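Asker: Feature list, courtesy of TrEMBL:
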- 9-136: domain 'Cytidyltransferase-like' (DOMAIN)
- THR13, PHE14, HIS21, GLY92, VAL93, ARG94, GLU102, LEU126, SER127, SER128, ILE129, SER130, SER131, SER132: ATP binding site (BINDING)
- THR13, LYS45, THR77, ARG91: substrate binding site (BINDING)
- HIS21: site 'Transition state stabilizer' (SITE)
- 151-171: region 'Disordered' (REGION)
- 162-171: compositional bias 'Basic and acidic residues' (COMPBIAS)
Amino acid sequence: MEKETRIGLFTGTFDPFTIGHQNIVDRVLPLFDKLVIAVAVSKLKHTSEEIEARVQAIKAVFAGEKRVEVRPYADLTIDMARREGARFIVRGVRSAKDFEYEREQADINKQLGGIETLLLFADPRLSSISSSMVRELQFFGKDVAEWLPQPCSGNPSPARFGGHETLKQTE
(Lines of atoms letter the chains of each structure in order from A; the text may use other names.)
(Lines give C-alpha, C1' and ligand atoms only; values in the text may rest on other atoms or scores of the structure.)
Protein backbone atom coordinates (compact mmCIF):
# COMPACT_ATOMS: atom_id res chain seq x y z
CA MET A 1 0.00 0.00 0.00
CA GLU A 2 1.45 3.32 -1.11
CA LYS A 3 1.64 6.17 1.39
CA GLU A 4 -0.51 9.18 0.53
CA THR A 5 1.47 12.33 -0.23
CA ARG A 6 0.73 14.99 2.39
CA ILE A 7 0.19 18.26 0.54
CA GLY A 8 -0.42 21.60 2.20
CA LEU A 9 -1.45 24.88 0.58
CA PHE A 10 -0.25 28.22 1.99
CA THR A 11 -2.07 31.09 0.32
CA GLY A 12 -1.80 34.85 0.38
CA THR A 13 -1.12 37.89 -1.74
CA PHE A 14 2.37 38.05 -0.21
CA ASP A 15 2.79 41.66 -1.31
CA PRO A 16 5.56 41.46 -0.23
CA PHE A 17 6.52 38.07 1.23
CA THR A 18 7.87 38.84 4.72
CA ILE A 19 9.97 37.06 7.32
CA GLY A 20 6.67 36.35 9.09
CA HIS A 21 5.48 34.37 6.06
CA GLN A 22 8.85 32.63 5.83
CA ASN A 23 8.61 31.67 9.50
CA ILE A 24 5.17 30.08 8.96
CA VAL A 25 6.54 28.04 6.04
CA ASP A 26 9.61 26.94 7.99
CA ARG A 27 7.48 25.84 10.95
CA VAL A 28 4.78 24.01 8.99
CA LEU A 29 7.02 22.32 6.40
CA PRO A 30 7.86 19.30 8.60
CA LEU A 31 4.16 18.35 8.48
CA PHE A 32 4.05 17.95 4.70
CA ASP A 33 5.68 16.08 1.85
CA LYS A 34 4.91 19.08 -0.35
CA LEU A 35 3.86 22.64 0.47
CA VAL A 36 2.45 24.77 -2.32
CA ILE A 37 2.77 28.50 -1.73
CA ALA A 38 -0.05 29.96 -3.80
CA VAL A 39 0.28 33.65 -4.61
CA ALA A 40 -3.20 35.13 -4.97
CA VAL A 41 -4.38 37.74 -7.37
CA SER A 42 -7.17 39.24 -5.28
CA LYS A 43 -9.87 41.42 -6.73
CA LEU A 44 -10.70 42.59 -3.20
CA LYS A 45 -7.19 43.48 -2.07
CA HIS A 46 -4.82 45.96 -3.71
CA THR A 47 -1.66 44.27 -4.92
CA SER A 48 0.97 46.68 -6.11
CA GLU A 49 3.58 44.19 -7.26
CA GLU A 50 3.19 42.10 -10.37
CA ILE A 51 2.29 38.54 -9.44
CA GLU A 52 5.15 36.95 -11.38
CA ALA A 53 7.70 39.09 -9.52
CA ARG A 54 6.20 37.91 -6.21
CA VAL A 55 6.28 34.28 -7.35
CA GLN A 56 9.93 34.56 -8.40
CA ALA A 57 10.94 36.32 -5.16
CA ILE A 58 9.36 33.55 -3.05
CA LYS A 59 10.93 30.85 -5.23
CA ALA A 60 14.32 32.45 -4.54
CA VAL A 61 13.73 32.24 -0.77
CA PHE A 62 13.07 28.49 -0.96
CA ALA A 63 15.38 27.62 -3.86
CA GLY A 64 17.11 24.87 -1.87
CA GLU A 65 13.89 23.29 -0.57
CA LYS A 66 12.49 20.63 -2.93
CA ARG A 67 9.24 20.27 -0.97
CA VAL A 68 8.20 23.87 -1.63
CA GLU A 69 6.49 24.85 -4.87
CA VAL A 70 5.33 28.38 -5.66
CA ARG A 71 2.67 29.35 -8.18
CA PRO A 72 0.05 32.03 -8.81
CA TYR A 73 -3.70 31.54 -8.66
CA ALA A 74 -6.71 33.73 -9.35
CA ASP A 75 -9.70 31.63 -8.30
CA LEU A 76 -11.11 30.42 -5.00
CA THR A 77 -8.63 28.97 -2.54
CA ILE A 78 -10.74 25.81 -2.24
CA ASP A 79 -10.49 25.28 -6.02
CA MET A 80 -6.71 25.74 -5.90
CA ALA A 81 -6.51 23.23 -3.04
CA ARG A 82 -8.47 20.66 -5.06
CA ARG A 83 -6.26 21.16 -8.14
CA GLU A 84 -3.13 20.68 -6.06
CA GLY A 85 -4.50 17.68 -4.18
CA ALA A 86 -4.01 19.55 -0.90
CA ARG A 87 -5.83 18.20 2.14
CA PHE A 88 -4.87 21.16 4.30
CA ILE A 89 -4.84 24.93 3.90
CA VAL A 90 -2.21 26.67 6.05
CA ARG A 91 -2.85 30.13 7.45
CA GLY A 92 -0.88 32.32 9.82
CA VAL A 93 -2.64 34.15 12.65
CA ARG A 94 -1.18 37.26 14.33
CA SER A 95 -4.12 38.51 16.38
CA ALA A 96 -7.65 37.81 17.61
CA LYS A 97 -8.93 39.75 14.59
CA ASP A 98 -6.93 37.48 12.25
CA PHE A 99 -8.22 34.43 14.12
CA GLU A 100 -11.89 35.37 13.67
CA TYR A 101 -11.43 36.04 9.96
CA GLU A 102 -9.45 32.82 9.40
CA ARG A 103 -11.92 30.74 11.41
CA GLU A 104 -14.77 31.95 9.19
CA GLN A 105 -12.76 31.18 6.06
CA ALA A 106 -11.88 27.73 7.43
CA ASP A 107 -15.56 26.98 8.06
CA ILE A 108 -16.46 27.96 4.49
CA ASN A 109 -13.61 25.90 3.01
CA LYS A 110 -14.66 22.90 5.10
CA GLN A 111 -18.28 23.24 3.92
CA LEU A 112 -17.37 23.77 0.27
CA GLY A 113 -14.70 21.15 -0.09
CA GLY A 114 -14.09 19.20 3.08
CA ILE A 115 -10.59 20.63 3.34
CA GLU A 116 -9.16 21.34 6.78
CA THR A 117 -7.38 24.56 7.68
CA LEU A 118 -4.34 24.63 9.94
CA LEU A 119 -4.01 27.91 11.82
CA LEU A 120 -0.47 28.58 12.96
CA PHE A 121 0.04 31.40 15.43
CA ALA A 122 2.73 33.89 14.50
CA ASP A 123 5.98 33.81 16.39
CA PRO A 124 5.46 36.58 19.00
CA ARG A 125 8.64 38.33 17.83
CA LEU A 126 7.12 38.60 14.33
CA SER A 127 3.45 39.21 15.09
CA SER A 128 3.57 42.93 14.30
CA ILE A 129 4.97 42.37 10.80
CA SER A 130 2.52 42.62 7.93
CA SER A 131 2.89 43.12 4.21
CA SER A 132 0.84 46.32 4.38
CA MET A 133 3.13 47.71 7.12
CA VAL A 134 6.19 46.90 4.99
CA ARG A 135 4.60 48.56 1.93
CA GLU A 136 3.74 51.69 3.90
CA LEU A 137 7.22 52.03 5.39
CA GLN A 138 8.78 51.50 1.96
CA PHE A 139 6.46 54.12 0.47
CA PHE A 140 7.84 56.65 2.93
CA GLY A 141 11.42 55.75 2.09
CA LYS A 142 12.24 53.58 5.09
CA ASP A 143 14.60 50.62 4.81
CA VAL A 144 12.47 47.47 5.13
CA ALA A 145 15.19 44.87 4.51
CA GLU A 146 15.01 43.54 8.09
CA TRP A 147 11.40 42.40 7.50
CA LEU A 148 12.05 40.68 4.17
CA PRO A 149 13.70 37.28 3.65
CA GLN A 150 17.23 37.62 2.31
CA PRO A 151 16.54 36.91 -1.40
CA CYS A 152 13.55 39.31 -1.26
CA SER A 153 15.38 42.17 0.43
CA GLY A 154 15.99 43.86 -2.92
CA ASN A 155 12.21 44.11 -3.31
CA PRO A 156 10.07 46.07 -3.13
CA SER A 157 11.41 49.12 -4.87
CA PRO A 158 9.81 52.53 -4.32
CA ALA A 159 8.82 52.64 -7.98
CA ARG A 160 6.39 49.77 -7.52
CA PHE A 161 4.02 51.81 -5.37
CA GLY A 162 1.77 53.09 -8.12
CA GLY A 163 4.57 55.14 -9.61
CA HIS A 164 4.81 57.34 -6.52
CA GLU A 165 8.15 58.85 -5.74
CA THR A 166 9.48 58.18 -2.29
CA LEU A 167 8.49 61.14 -0.16
CA LYS A 168 11.45 63.17 1.00
CA GLN A 169 11.47 65.36 4.02
CA THR A 170 12.00 69.02 3.36
CA GLU A 171 14.60 70.85 5.36
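Residue numbers in this text run from 1 along the chain shown.
The backbone N, Cα and C atoms fix where each Cβ goes, and this holds for glycine too.
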Asker: Of all the binding-site residues given, THR13, THR77, SER127, SER131, which has the fewest Cβ neighbours within 10 Å once its own Cβ is left out?
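Answerer: Checked THR13, THR77, SER127, SER131; of these binding-site residues, fewest Cβ neighbours within 10 Å: SER127.
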Asker: Can you tell me the CA-to-CA distance separating GLU102 (ATP binding site) and THR77 (substrate binding site), as a whole number of Å?
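Answerer: That comes out at 13 Å between the alpha carbons.
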Asker: Should SER131 (ATP binding site) be counted as helix, strand, or coil on the basis of DSSP?
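Answerer: The residue in question, SER131 (ATP binding site), is helix (DSSP, three-state).
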Asker: Could you state the whole-number distance in Å separating the C-alpha atoms of HIS21 (ATP binding site) and ARG91 (substrate binding site)?
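Answerer: Rounded to a whole number, the Cα-Cα distance is 9 Å.
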Asker: Quick check for the class: what is the C-alpha distance, in angstrom and rounded, between THR13 (ATP binding site) and ARG91 (substrate binding site)?
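Answerer: For THR13 (ATP binding site) versus ARG91 (substrate binding site), the Cα atoms are 12 Å apart.
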Asker: SER127 (ATP binding site) to THR77 (substrate binding site): how many Å between their Cα atoms?
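Answerer: SER127 (ATP binding site) and THR77 (substrate binding site) have their Cα atoms 24 Å apart.
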Asker: Could you give the Cα-Cα distance between THR77 (substrate binding site) and SER131 (ATP binding site), in whole Å?
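Answerer: Counting only the Cα atoms, the answer is 19 Å.
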